[in-house]
Amino acid sequence: MRIVVCVKFVPDIQSDRQLGPDGRVVRDGGDGTLNELDENAVEAALVLAEEHDGEVVVLTVGPDDAVDAVRKGLQMGADEAVHVLDDAVAGSDAIGTATVLAAAVRRIGAEAPVDLVVTGMAGLDGLTSLLPTALAEQLDLPALPLASALTVDADARTVTVSRRLDHATETLTADIPALVSVTDGINEPRYPNFKGIMAARKKPVTTLSLAELGVDPATVGAAGARTRVLEAAPRPPREDRVLLTDTGDAGTRLAAWLVERKLV
Amino acid sequence: MTATPVLVLLDHAPDGTLRPPVRELLTLARTLAGDAGVHGVWAGSEDPAAALDVLAAQGVSTVHRLVTDADLHLSAVLADGLETVAAATGAELLLLVSSFENKEAAARLAVRTGAGVVTDADGLAVEDGRVIAHKTVLAGTWTTRCKVVAPRAVVTVKANSVVAEDAPAGASPQVVDLPVEVRATSTRVRLVERTELAASGRPDLGSAHVVVVGGRGTEGDFSAVEELADVLGGAVGATRVATDEGWIGHDAQIGQTGVTIAPRLYVGAGVSGAVHHRGGMQASGTIVAVNADPDAPIFEIADFGIVGDLFTVLPQASAELRRLQG
Ligand SMILES: Cc1cc2nc3c(=O)[nH]c(=O)nc-3n(C[C@H](O)[C@H](O)[C@H](O)COP(=O)(O)OP(=O)(O)OC[C@H]3O[C@@H](n4cnc5c(N)ncnc54)[C@H](O)[C@@H]3O)c2cc1C
């Protein structure tokens, strides 16, 4: 079983994240990291590979530093890595990123067939959750998003997931090849150990350009983006804030404040 | 103003009543639609009869009922349906309630039709024929204005972004059946099982105007949280710690990997305000926090913060509110 995991390099959410004048997330400053939610995707793929004697390829699209994201995947135990690096990718929206990832997955699949594409449920920078389904649509694969549980039947060549939505729970199944996105509730990602970190140094990272993928630069990046941020500003601080320590009447004061503010 | 009708997907409960945010989206759609008006899209086998009064009051002229044997809960099938309505009406703007399911269909539609997608918008305008969306990003710390450059736009709108109001003049919505041509590939995913979550008797978490949230500080005793929620007519939410501990269902989890909320009033009790949690609630109108630890990060974003024990503060607030309300 061959699994491709798509991972993203994002600003650490514990850091002071900013938008630049171009409305894009500021990605320098050394606070970048593997998107936390993608660790669950790597973990899910590694578990499946262990169960079904498979191999895991981690794939990312992003600037130079983004190689750190796939390196982390290799340290966790993935077998190889692909980094799509091209200035023309900058400014892509979710659909543009999906276009590039789709081309890269096809390329990886040309070497040996890909059975499963796994992604995290969302990138913690944009949080749109659009990418997994957009990628499946572009690859013409069945999509099983938001898996909180995931099983593969290697003989029947099917994948089954459970997922929770706002008003319902669902079980979905499809033949593989297919695409699955996973939630942070599906597993507990492993920490890379010393052996994994050492082994990762010897694992191959292939760098690919848009030209090598046969992607027209005009269709992706800022040039191909269908949405553009016009303005971005830090949210103004909240005003008239009240902070008090309870000395016996804080509940009563809260009630009065809510009434006064017409919040009840 | 748009020259073609603005489409709104009519999310509804199994009994055929509209989900509350749909009224907000219809109100918003009216401000954008020109004479072409607002059309609804009904996806599902439920009878739209129970929704017609609201749609009439909202001035909706036409409801397109998607007709297919395939399951419209599958995002690819829903996308087939939405594509069919867009083609039939020439509509260039589709609004959906922000939910994971709707975002899945939105992503597919964007890939298929070249539309630009904006998710979690909290305001919309049309300028020079292009959609401009407002949205809050980076865990509620930044606001942005975003233009859809493409001629077609698919926008998911957060609940509580707009105050729902009836149209100045009502309408008598016409329900039109629209057969959907389902692509062969759209039914490759099979829906083995779907279980609707039981209604709690409280307002829906995702769209409630008031949400009272309990965290680890409740130590599993949600009674004070529930009592305050009921006095305020609000929903009950939780942090991931509380859901992981099994104190309350996972569907109550608020945060970046749970439900995203932006109620008028958020009350967090025994909630530290971790960044993962803030990502799902920081856009709330007013934030109240009750926490025993004066250094809890939630106080940085609270409009009204009380350093105290939730087990004394909450019941006292509930009792006082009941007294004030008579
Ligand atoms: C990838 C990832 C995704 C995550 N997604 C989410 C998410 O979507 N939503 C989410 O909520 N979390 C999420 N988390 C978890 C998050 O990081 C925090 O661990 C969590 O939000 C903390 O929950 P809490 O505030 O209930 O608990 P704690 O952080 O333990 O805080 C409990 C607070 O209660 C106070 N307290 C204790 N007793 C009392 C009392 N009697 N009265 C008043 N106050 C009291 C304490 O002072 C403390 O501040 C995620 C984590 C990861 C790694």
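From the backbone N, Cα and C atoms, a Cβ is placed for every residue, glycine too.
Feature list (source: TrEMBL):
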type	residues	note
BINDING	B:ARG216, B:239-240, B:253-257, B:270-277, B:ASN291	FAD binding site
DOMAIN	B:6-191	domain 'Electron transfer flavoprotein alpha/beta-subunit N-terminal'
Chain A, Cβ under 8 Å: which of the binding-site residues B:ARG216, B:GLN253, B:VAL271, B:ALA274, B:HIS277 qualify: none
Structural state of B:GLN253 (FAD binding site), classified by DSSP into three states: strand
B:HIS277 (FAD binding site) in three-state DSSP notation: helix
Least surrounded among the binding-site residues, given as B:ARG216, B:HIS277, when other CB atoms within 10 Å are counted: B:ARG216
Cβ packing number for B:ALA274 (FAD binding site), 10 Å threshold: 18
Reported mean pLDDT - the domain 'Electron transfer flavoprotein alpha/beta-subunit N-terminal' (B:6-191): 95
Per DSSP, three-state class assigned to B:VAL271 (FAD binding site): coil
